[in-house]
Amino acid sequence: MPELPEVETTVRGLARFLQGERITRTVTNRPDMRFPFPDGLGQALTGATVVSLGRRAKYGLIHTDRDQTMIFHLGMSGRWRIDPDETDKHDHLLIETADHRFALCDPRRFGWVDLVGTQALDQWPGFAAMGPEPLGDALTIEHLRAALSGRKQAIKLCLLDQAIVAGLGNIYVCEALWHARIHPRKAGGRVSKQALSLLITAIRDVLEQSIRDGGSSLRDYAQPDGELGYFATRFQVYGRDGQPCHRDDGGTIRRFAQGGRSTWYCPRCQR
């Protein structure tokens, strides 16, 4: 599933060609998406000018001059394609401008879009109870200490809770915990202040590096221009069970099931 860096990379790629442009045509092709396209989507977008693009957690945002925002989620396998040579049967949403064509391609159809008033964006149900952005100033030691106080739940699962930190997913939580040397099963309420400081730094470093690398291309994900992200070449633990820890401390990466997902860690250096 595309996570925060992949969505950020997607938004930046789209912005190069879509920001400031007038939408001349909108086509929706599939009625059987995870959620149906909102009524009136084509009418709302066609003729509108895109004033800016943004991201909140794992959601992409396309803001128009009609004070409306199209929210998109890439689901499990979604990606945007810019000026594709051919139409793909999985291109479920097409947006055209005078010079470019944008296709939202999603083979597994778990992605979706919504249309909301820009001024009411913070009240949209998916955002209303969401925690701070991991790359923003609101993610502080004080915030994490308050959010984790008394929590017996494993720190890995706490970090996946979007009400605690917005936008973190399995890949980058596993990687950040390794960098911070924190065991993923450790109770969130027992992580020390010093360790939380290291964790915040690790989260930001991992996410920022992945954005620079264009994200992690594992299965279906590619950048809008078709290029693959290469952060996967930097994985320290994710998907590396049975391989030696890169700290050369004699540890071997292990995997176990946690909260319905796989968790990877090094039992030697993560305590």
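Yeah, the Cβs are placed from backbone N, Cα and C, and that goes for glycine too.
DSSP assigns Pro2 (active site, schiff-base intermediate with DNA) to coil, not to a helix or a strand. Per Swiss-Prot, the feature active site, schiff-base intermediate with DNA maps to Pro2.
Around Glu3 (active site, proton donor), taking its Cβ as the centre, 22 other Cβ atoms fall within 10 Å, counting all chains. Summarising the annotation, Swiss-Prot assigns active site, proton donor to Glu3 (among others) and lists sequence analysis as the type of evidence.
Neighbour list (Lys58 (active site, proton donor), Cβ cut-off 8 Å, at least 6 residues apart, same chain): Pro2, Glu3, Leu4, Val7, His73, Leu74, Gly167, Gly169. The annotation active site, proton donor is assigned in Swiss-Prot to Lys58 (among others) on the grounds of sequence analysis.
What Swiss-Prot records for His90, Arg108, Arg151 is DNA binding site, and it gives sequence analysis as the kind of evidence. Close to Arg151 (DNA binding site) in the fold, though at least 6 residues off in sequence, lie Cys158, Ala187, Gly188, Gly189, each with a CB less than 8 Å from its CB.
If you look at the zinc finger (236-271), the same-chain residues 6 or more away from its ends with a CB under 8 A from one of its CBs are 154, 156-157, 160, 170-171, 174-175, 177-179, 181-186. Feature annotation from Swiss-Prot assigns zinc finger to 236-271.
Proximity of Arg261 (active site, proton donor) to non-local residues of its own chain (separation of 6 or more, Cβ distance below 8 Å) is seen for Leu160, Asn170, given in sequence order. Per Swiss-Prot, active site, proton donor is recorded for Arg261 (among others), and the stated evidence type is sequence analysis.
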_Are there any residues at least 6 positions away along the chain from His90 (DNA binding site) with a Cβ closer than 8 Å to its Cβ? List them or say none._
Cys105, Asp106, Pro107, Arg109
*Cβ neighbour count (within 10 Å, all chains shown) around Arg108 (DNA binding site)*: 14
*Secondary structure tally of the zinc finger (236-271) (DSSP, helix then strand then coil)*: 0 helix, 12 strand, 24 coil
